[in-house]
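Some notes on the structure that comes next.
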Amino acid sequence: MLGSVSTLAVKACGSALAFIMFALAARQMNPDAFGQLAVVFNTLSFIAIAMNFGQEVLIARSWGEYAGTSPSLARGALQFGARIVLYGATLSSLAVVLYWFLSGSAPGPWFAASAGLFLFAQTLTTFTSRLSLVVSGVALAEIPREFLWRTTVIVAILVIAGTGASFTATEFFLVSGAILLVSVFGQWLRIRQVIPAAVREAEPQFERDLWRRRSSRMWPSALLDSSSQYLEVVVVGFILGPAAAAFYFAATRITNAFAMIASGLTTYATRHISLLFHNDSTAELQSMLRSLAIVSLLLSGAIVGVIVVAGKLLLSFYGAPYVDIYPVLVILTLGGLLTGLAGPAPHLLLLTGHERLYPVVMTTALILRMSSIALLGTLFGLTGAAIAGAAATALTAGALVVACRRFIRIDPSVLSLFQQKALAELAQPGEGPNLAKSERA
């Protein structure tokens, strides 16, 4: 319980810094300019996930599976993932820069270069943060990304604004990319120090065919998992324009507090899910998830209260025009609430051998989400898009929890607090989790 609270505290501070960072950026730009920044930021962040090719999820599973029993395979899995991510980061960043230069759609050459730098660094950070988490812990995984990056950008905005110069998307991506690269370098240095000597000194062995099969299923899962976080703003910007994207992005940065809860729980749980599950400690795993559900319930309730009471004040930090979208904020809050209450359901599926099931659920949810946002956004504007987004979020959270209960016989949500007897009967020895374990690939 203490570990989960510490992880959530780190995530909460990181979310607060992200809120301040984007609020300060919004005040330096008009809604159209900030909306363009939001659309590009979300697009590049999504591409960064794509260019990991599922390796950030695979390394979490592989490390839990190999580190204690097969140091050679553990080192091989690390090298396998790192090389793929480095290739993906290099090729994607060069492609983005080349596209903007050739198309002439970028505001200037420096914008194209800074966006490419950000994409390269963000792609590497996605992998190194997950590797740092399973190898070292929350501090090494989250502090560089949650604190160092955002604090540096905040300071840069204040300094540039203090000189009377304008802070644009170019400066945002340039500063962000540079500090993220520094963070990645620092993480790698520390990882080399804390990796167990048996792994560090082992001759790497590779199970490339197995890892390719696993990552080929984890990759679409990772894309689908991040699509709701990043693509909603892109779709809103495409349908309703950059100003609407700015307003929607501002609201989602506040309701992101619920995603922060889910992310914090996932960050803590990821270190334990694979280890406990693959060692047949499912009762202990359910107990841990039940403890996380208590934390989630308390924090989610508090966040709802804060948004309802102080939502307009929070929006005002982005600027006076943003206060008018308070109803949109309340609507998105209802959907976000269920995300927090669902717990680490996505990674519970991914790390227990259900990589095939997860994409089915998320693909259906993604199609529903994007089509409904496009339809209701076109008909009813920003409010319609918010209703569609909130409803899709709620349905997705519910579907993931149902999938966990049915196929793993473990409930990661707050429902586990009220159905302990039913869950104990559901997970009978020799059933449920062991079925997934028999499917090694």
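Every residue number used here counts from 1 along the chain in the order it is shown.
Placed from the backbone N, Cα and C atoms, the Cβ positions cover glycine too.
Annotation source TrEMBL lists signal peptide at 1-25.
Sequence annotations record features per position, and here TrEMBL assigns transmembrane segment to 34-53 (among others). Here the transmembrane segment (34-53) has long-range neighbours at 25-26, 84-85, 88-89, 91-92, 96, 115, 118-119, 122-123, 125-127, 169, 172-173, 215, 219, 222-223, 226-227, 229-231, 233-234, 237, 241-247, 249, meaning same-chain residues at least 6 beyond its ends whose C-beta is under 8 angstroms from one of its own.
Summarising the annotation, TrEMBL assigns transmembrane segment to 84-102 (among others).
Feature annotation from TrEMBL assigns transmembrane segment to 108-127 (among others).
Annotation source TrEMBL lists transmembrane segment at 147-167 (among others).
Proximity of distant same-chain residues to the transmembrane segment (230-251), defined by a Cβ-Cβ separation under 8 Å and at least 6 residues beyond the stretch ends, is recorded for 22-23, 26, 31-36, 38-39, 42-43, 45-46, 49, 315, 318, 321-322, 325, 328-329, 332, 366, 369-370, 373-374, 377-378, 381-382, 385-386, 389. Here TrEMBL flags 230-251 (among others) as transmembrane segment.
As annotated by TrEMBL, transmembrane segment applies to 289-313 (among others).
The annotation transmembrane segment is assigned in TrEMBL to 325-345 (among others).
Taken from TrEMBL, the feature transmembrane segment applies to 357-380 (among others).
Per TrEMBL, transmembrane segment is recorded for 386-408 (among others).
When Cβ-Cβ distances under 8 Å to the transmembrane segment (84-102) are tallied for each of 108-127, 325-345, 386-408, the top count falls to 108-127.
Here the transmembrane segment (147-167) has long-range neighbours at 13-14, 17-18, 20-21, 24-25, 28-29, 175-176, 179-180, 182-183, meaning same-chain residues at least 6 beyond its ends whose C-beta is under 8 angstroms from one of its own. Below 8 angstroms of C-beta separation, residues 228, 232, 248, 251, 328, 331-336, 338-339, 341-343, 345-346, 348-349, 352, 354, 357-358, 361-362, 364-365, 368-369, 372-373, 375-377, 380, 415, 423, 426, 432-433, 436 of the same chain, each at least six residues beyond the ends of the transmembrane segment (386-408), sit close to that stretch.
Long-range contacts of the transmembrane segment (325-345) within the same chain: residues 247-248, 250-252, 254-259, 261-262, 265-266, 269-270, 273, 289, 292-293, 296-297, 299-300, 303-304, 307-308, 311-312, 314-315, 382-383, 386-387, 389-394, 397-398, 400-401, 403-404, 412-414, each at least 6 residues beyond the stretch ends and with a Cβ under 8 Å from a Cβ of the stretch.
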